[in-house]
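Q: Sharing the feature lines straight out of TrEMBL:
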- 10-15, Asp35, Arg40, 91-95, 132-133, Glu166, 277-280, Arg347: NAD(+) binding site (BINDING)
- 162-166, 221-225, Arg261, 268-274, 339-340, Arg443: substrate binding site (BINDING)
- Cys277: active site, nucleophile (ACT_SITE)
- 333-448: domain 'UDP-glucose/GDP-mannose dehydrogenase C-terminal' (DOMAIN)
Amino acid sequence: MKITKICCIGAGYVGGPTMAVIAQKCPHIQVTVVDLNEERIAAWNDKDLNNIPIYEPGLDAIVSEARDRNLFFSTEVDKAIDEAQIIFISVNTPTKTYGKGKGMAADLKFIELCARQIARVAKDNKIVVEKSTLPVRTAEAIKSILDNTGNGVQFQILSNPEFLAEGTAVQDLLNPDRILIGGDTTFEGQKAIQSLVDVYSNWVNADKILTTNVWSSELSKLTANAFLAQRISSINAMSELCEKTGADINEVAKAIGMDSRIGSKFLKASVGFGGSCFQKDILNLVYIAKSYGLNEVADYWEQVIIMNDHQKRRFSSKIVQTLYNTVSDKKITFLGWAFKKDTNDTRESAAIYVANDLINEHAKIAVYDPKVSSKKVLDDLNYLETRSIENNANSITSHLDPYEACQNAHAIAILTEWDEFKLYDWQKIYDSMQKPAFIFDGRNVLNGIELTEIGFIYKGIGS
Ligand code: UDX
Ligand code: ADP
């Protein structure tokens, strides 16, 4: 099938950047990204590119090049579905907060709504692509809905998981390690796979495009995220041991990372991983394993989450203990709130949990993050529902200037590894703080020796 029109349902962190790059690289294909959220679509269409809803280095330039040429953002979901030959589903699949599988299974209600909408609208054959990370065998459910409620047209379901990491999304999309496409082994299935391969072939080498069956593709995405997260929990587990023994986690990571069998990436000890994917996908894997009665498999992967929760809690406890066992009414400044640098995404950010612990100890938190709004900070805390909204609002403030945020603080905690933190005038910050002035570097990004020379009491992770 010659592809001339693509639609993507969901204009979020996955759908937005992915479709922008497809549109840039395939000027002959009309790409329409649709979302129910009118505010989000308006932001994607904002003439001022500073206002597009997702901050990703390089994304504004790509949107500027392709938007209104062959990239469109719209709330007219039915129209875009009707016109497209390929429909990507990029809606959110959060962990269930109710019912069976609560706190573990993926909530597929948004996926199901999309499938029903596609079935209702489609008047000709369509290729439906799962882009969101989904539990294994979701494609089967989508197919069943499409085939049983549709207008008698043919649907081919493909799994094409997205491996981009936030903060480097544009580079990851332009130069992917691999593109994975899973589809049916039937003739029609193979034809559908080829149509999608042809789209990616506009800029990705054939040897990087991998085709598999649907289930392998779905499971590979969960497995990749589980392996990456496991490395972080492994290094974080060793960081606690380093703190007890006098070893230095940065030195240990370097030493083991030089073993080519281990490799150097994803060995950075931290306050704990965040983001919308790792925890959700592992919980999902654990749930799937349990539902097949594979309890040892489930327990094995669950430990990655247990370790991550421990690392976040350990960080807040260390702050309390070091500050003479009380942070009550003390000002603690958080530099960083996003779950990693170069993104404005805060989902599952360690900062939220550390702040929550410290507010429970009656600390006053001041936040500075170069890309996260004060509303977002407060919304994140309120989402935990551990205290009243008024109490949260009285316990946390956000600042536009890092020096102002640090003024009179008893301690600074680094929660995100933003590059700009390394460039600050730390002497000026030290002079404006309460003494002794503490820094808890949850990302090991600052120079502990220099800070100690200034007078700070510096505590990194794993040393
Ligand atoms: C991840 C996967 O990397 C990506 O392939 C998938 O498509 C989505 O999930 P993302 O969550 O955007 O991407 O970012 P990632 O770079 O993986 O970081 C996740 C978390 O781990 C962040 O909080 C980061 O700070 C933390 N991290 C990462 C560490 O603590 N140490 C490391 O060495 C690497
Ligand atoms: P991700 O990180 O997976 O991209 P986001 O939450 O950033 O997740 O984006 C998902 C988007 O999908 C949201 O903007 C949401 O409004 C949109 N969405 C969810 N369900 C539907 C639907 N049925 N039709 C259109 N858009 C939807």
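Placement of Cβ uses the backbone N, Cα and C atoms for every residue, glycine included.
Caution: TrEMBL annotation is automatic and unverified by curators.
Describe the structural context of each listed feature in the structure shown, including burial, neighbouring residues and relevant distances.
A: Secondary structure at Gly10 (NAD(+) binding site), as computed by DSSP, is coil.
A helical conformation is recorded for Leu222 (substrate binding site) in the three-state DSSP classification. Counting Cβ atoms from all protein chains shown, Leu222 (substrate binding site) has 23 others lying within 10 Å of its own Cβ.
For Cys277 (active site, nucleophile), other Cβ atoms within 10 Å of its Cβ number 25.
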Q: Of all the binding-site residues here, Asn92, Thr95, Asn225, which one's CB has the most other CB atoms within 10 A?
A: Asn225
Q: Is it possible to get the count of other C-beta atoms within 10 angstroms of the C-beta of Asp35 (NAD(+) binding site)?
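A: Asp35 (NAD(+) binding site) is surrounded by 23 other Cβ atoms within 10 Å.
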Q: Quick one: of Asn225, Ala269, Phe339, which binding-site residues lie within 10 angstroms of Cys277 (active site, nucleophile), measuring between C-alpha atoms? Sequence order, please.
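A: Within 10 Å of Cys277 (active site, nucleophile): Asn225.
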Q: CB neighbours of Phe339 (substrate binding site) within 10 A?
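A: Taking every protein chain into account, the count is 26.
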Q: What's the number of neighbouring CB atoms sitting within 10 A of the CB on Tyr13 (NAD(+) binding site)?
A: 24
Q: State which of the following binding-site residues has the fewest other Cβ atoms within 10 Å around its Cβ: Gly10, Gly272.
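A: Sparsest of the binding-site residues Gly10, Gly272 by Cβ contacts within 10 Å: Gly10.
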Q: Once the chains shown are all counted, how many other Cβ atoms turn up within 10 Å of the Cβ of Glu166 (NAD(+) binding site)?
A: 24
